[in-house]
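Undergrad: According to TrEMBL, the protein has these features:
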type	residues	note
BINDING	Cys38, Asp40, His96, Cys99	Zn(2+) binding site
Amino acid sequence: MKALGEILTFNEKFVAEKKYEEFSTSKLPNKRMVILTCMDTRLLELLPRAMNVRNGDIKLIKNGGAVINHPFGSVMRSILVAVYQLHADEVLVIGHYDCGMGGLKADEMIENMKERGVKEETLETIEYSGIDVKKWLRGFSKVEDSVANSVKIIKNHPLLPENVPVHGLLINPETGKLDLVINGYEE
Ligand SMILES: [Zn+2]
């Protein structure tokens, strides 16, 4: 458990040496867009570099798989805040090839939970409360379909202004190459 200590030590030096100065910007996105993408480690620096996006340029939302689970969940709320309060005029959903959420094995993950101390009764209680844990954990089978589905949920959201284009793309996590799935200007 030394990761936190290392971060705090580094951070003290970072601030003391004013390394933050080169990142100085405002909270409004220069490129007036909000991007929803995956939390995949390979995309951390690659995605912004491959898109010529720098600190201050965009609003970035991340989760496992770049998916929207619920039209009134926190991802959609963040998108609406970006659009209405923070001058984002376009929305981009960027999934990626070889995504861990593609074919995520819910059964296997539940077994891991049990091995790490989650009790069978707990899982049963959740089930009796009307929550299908397996369904909740499950990823997607085709990333193209998942991106298209997220775009559809955002584009058809009753609270999204009609003139906001919603694009769907896929990124290669090795080369950074983008493939267009949905061109929001044509929808
Ligand atoms: Zn992913």
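Placement of Cβ uses the backbone N, Cα and C atoms for every residue, glycine included.
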Undergrad: So which other residues, same chain and not among Cys38, Asp40, His96, Cys99, have a Cβ within 8 Å of the centroid of the Cβ atoms at the Zn(2+) site?
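TA: Going along the sequence, the neighbours come out as Thr37, Met39, Arg42, Leu43, Gly65, Ala66, Gly95, Tyr97, Asp98, Gly100, Met101, Val143, Ile171, Pro173.
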Undergrad: For Asp40 (Zn(2+) binding site), write down the residues of its own chain that are at least 6 apart in sequence and whose Cβ falls under 8 Å from its Cβ; none is a fine answer.
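TA: Those within reach of Asp40 (Zn(2+) binding site), by Cβ under 8 Å and sequence separation of 6 or more, are His96, Cys99, Gly100, Pro173.
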Undergrad: Do any residues at least six apart in sequence from Cys38 (Zn(2+) binding site), in the same chain, have a Cβ closer than 8 Å to its Cβ, and if so which, in order?
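TA: Looking at Cβ-Cβ distances below 8 Å from Cys38 (Zn(2+) binding site), excluding near sequence neighbours, one finds Lys62, Asn63, Gly64, Gly65, Ala66, Ile94, Gly95, His96, Cys99, Met101.
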Undergrad: Going by DSSP, is Cys38 (Zn(2+) binding site) sitting in a helix, a strand, or coil?
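TA: Assignment for Cys38 (Zn(2+) binding site) reads strand.
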